[in-house]
């Protein structure tokens with residue numbers, strides 16, 4: 001009789017997170033929080049998201065359907081859950097952290113065309129599942145620093161029972177077979193609904209969801225019960241019995257006040273200890289030092305500031321998820337609570353509309369985006385804030401709108417972006433040379449932007465250099481358009497400074513007004529929100545929230561008047577020639 005195959009006890013462990021009953025239960029946050037707990041126990045953890053949609057990546061998807069696109073250091077356009085992973089683990093992930101059906105099928109079909117399958121009939125099993133498995137198992141390889149992860153947490157997108165998810169679930173089942181059951185753990189997130197008329201929590205949906213999972217060969221090792229309240233012990237015992245799961249593996253996770261409370265919720269239910277025990281991982285106590293400090297900043301703020309996010313996609317807040325979290329983290333830095341006001345950019349197209357939307361906020365953030373809709377509203381919001389000394393932070397498209405507004409303020413009345421008006425006589429924002437084919441429709445749109453981390457050099461003693469405490473920085477990007485260098489000198493007459501560029505000096509990366517002209521009006525072509533962490537707020541967001549706190553404090557001073565340079569100044573077309581005067585003689589500081 002052949003000997004049983006032995007699996008090495010030192011092998012990287014694989015933990016799969018699946019979801020049942022309904023979508024949007026918080027699988028990504030559950031996986032991220034468990035990853036944070038294991039990391040706090042001294043383990044090396046990495047994470048991956050399997051998305052069952054046919055798109056190659058979310059880069060060309062509608063923000064209203066998918067939410068934000070999270071860009072990694074290596075330039076991959078990934079699911080927003082990868083942002084949760086990076087923030088909770090406090091580590092950078094690569095493009096391999098997100099796998100889609102589109103990627104898998106593209107790879108398999110390309111291999112078939114090259115003849116790599118040697119004439120085999122290419123099928124979902126084994127070819128598609130093998131491709132998925134190879135990407136899952138590749139996560140266990142050593143990283144760039146040569147460190148092999150102790151645990152790979154893989155979130156399977158979608159809901160058990162969805163036809164699109166079946167190949168991924170089958171691949172996960174086969175991974176368990178290949179690495180050994182002792183090296184694999186399945187965590188299933190399910191809904192336990194509360195029926196108000198009868199006053200009952202119902203377990204039947206969870207039972208059916210687990211039955212569907214078991215029908216394809218996967219028995220969960222633990223269950224996350226999502227509910228708006230604690231699930232009592234008798235119901236947990238019932239679910240454990242009916243779903244054939246250890247009672248210790250039935251975890252009640254009621255809604256938490258903050259997403260950063262979830263690790264504490266899971267720890268209170270001893271999920272992390274159960275996982276460590278089942279996977280035979282080294283047991284160390286959780287080091288709560290850093291996370292407890294974060295939670296004190298979350299729940300015991302000493303100040304509150306109101307920030308307006310002026311955007312196009314505010315009907316789905318997930319479209320600006322990383323921006324919102326970066327703003328909150330900037331608040332944590334100052335022990336301040338950030339109240340978000342979601343302002344539709346269309347509402348700020350007129351001065352009256354901007355005043356109605358922004359008159360009682362302490363800062364304005366202009367996020368990235370694409371297309372002409374709402375652009376004049378973003379420019380209107382910047383103009384309103386510039387004239388009143390209201391702190392502004394512009395990201396990507398936000399920088400471009402700051403530049404357009406500055407150009408118009410010094411008489412370049414037709415200033416616009418080639419993206420919004422290809423025939424504008426004054427394209428102060430122009431198409432990047434290597435992006436012209438894509439913009440003209442002669443090349444693929446997906447995956448062709450300027451993506452990933454790029455360096456920038458900052459002007460010494462500038463606002464941004466002081467925020468970063470450095471003159472050399474690296475930020476992630478996602479854009480096709482740039483500031484037109486032919487207009488730099490004319491735009492500079494507004495007082496706007498080009499305070500950061502690419503190392504060769506060609507590409508404008510940061511703009512700002514001198515603090516004597518405006519206390520904090522800064523734009524960056526990058527997406528700094530993607531590098532912010534709750535425990536390590538991004539310097540630009542921390543500086544922005546600090547400026548908002550100062551603005552609020554100045555508001556409270558009795559009898560305070562606006563400095564002269566912040567008093568709104570209107571220019572007629574007849575004034576335009578006078579705007580060529582030296583800055584100190586001009587009113588264009590507005």
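Each position is counted from 1, following the chain as shown.
A Cβ is built for glycine as well, from the same backbone N, Cα and C atoms used for every other residue.
Taken from Swiss-Prot as is:
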| type | residues | note |
| --- | --- | --- |
| ACT_SITE | 396 | active site, nucleophile |
| ACT_SITE | 527 | active site |
| ACT_SITE | 529 | active site |
| BINDING | 23, 162, 163, 164, 202, 203, 204, 205, 206, 207, 238 | CTP binding site |
| BINDING | 23, 202, 203, 204, 205, 206, 207, 238 | UTP binding site |
| BINDING | 24, 25, 26, 27, 28, 29, 81 | ATP binding site |
| BINDING | 81, 155 | Mg(2+) binding site |
| DOMAIN | 306-554 | domain 'Glutamine amidotransferase type-1' |
| REGION | 1-281 | region 'Amidoligase domain' |
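Features as recorded by Swiss-Prot, highlighted on the structure.
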residue: 24; record: ATP binding site; Cβ within 10 Å: 11
residue: 25; record: ATP binding site; Cβ within 10 Å: 18
residue: 27; record: ATP binding site; Cβ within 10 Å: 25
residue: 28; record: ATP binding site; Cβ within 10 Å: 24
residue: 163; record: CTP binding site; Cβ within 10 Å: 8
residue: 202; record: CTP binding site; Cβ within 10 Å: 14
residue: 204; record: CTP binding site; Cβ within 10 Å: 11
residue: 238; record: CTP binding site; Cβ within 10 Å: 16
residue: 527; record: active site; Cβ within 10 Å: 23
residue: 529; record: active site; Cβ within 10 Å: 30
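Residue 155 (Mg(2+) binding site) falls within a strand segment according to DSSP. When averaged over the region 'Amidoligase domain' (1-281), pLDDT in the model lands at 92. Comparing C-alpha positions, residue 155 (Mg(2+) binding site) sits nearest to 28 among the binding-site residues 28, 163, 207. Residue 81 (ATP binding site) sits 14 Å from residue 23 (CTP binding site), taking the Cα positions as reference.
A count of other CB atoms within 10 A of each Cβ picks out 26 as the most crowded of the binding-site residues 26, 205.
Closest by Cα distance to residue 204 (CTP binding site), from the recorded positions 24, 25, 28, 396, 529, is 25. Cβ packing within 10 Å was compared across the recorded positions 29, 396, and the lowest neighbour count falls to 29. Of all Cβ atoms in the shown protein chains, 24 besides its own fall within 10 Å of the Cβ of residue 81 (ATP binding site). Each residue contributes its Cα atom, and for residue 27 (ATP binding site) and residue 207 (UTP binding site) these two points are 18 Å apart. If you measure from the Cα atom of residue 527 (active site) to that of the residue listed as 'active site, nucleophile', you get 6 Å.
For the ATP site, the Cβ centre of 24, 25, 26, 27, 28, 29, 81 serves as reference, and the other residues of the chain with Cβ at most 8 Å from it are 19, 30, 31, 155, 189. In this record, CTP is bound by 23, 162, 163, 164, 202, 203, 204, 205, 206, 207, 238; the longest C-alpha to C-alpha distance in that set is 31 Å.
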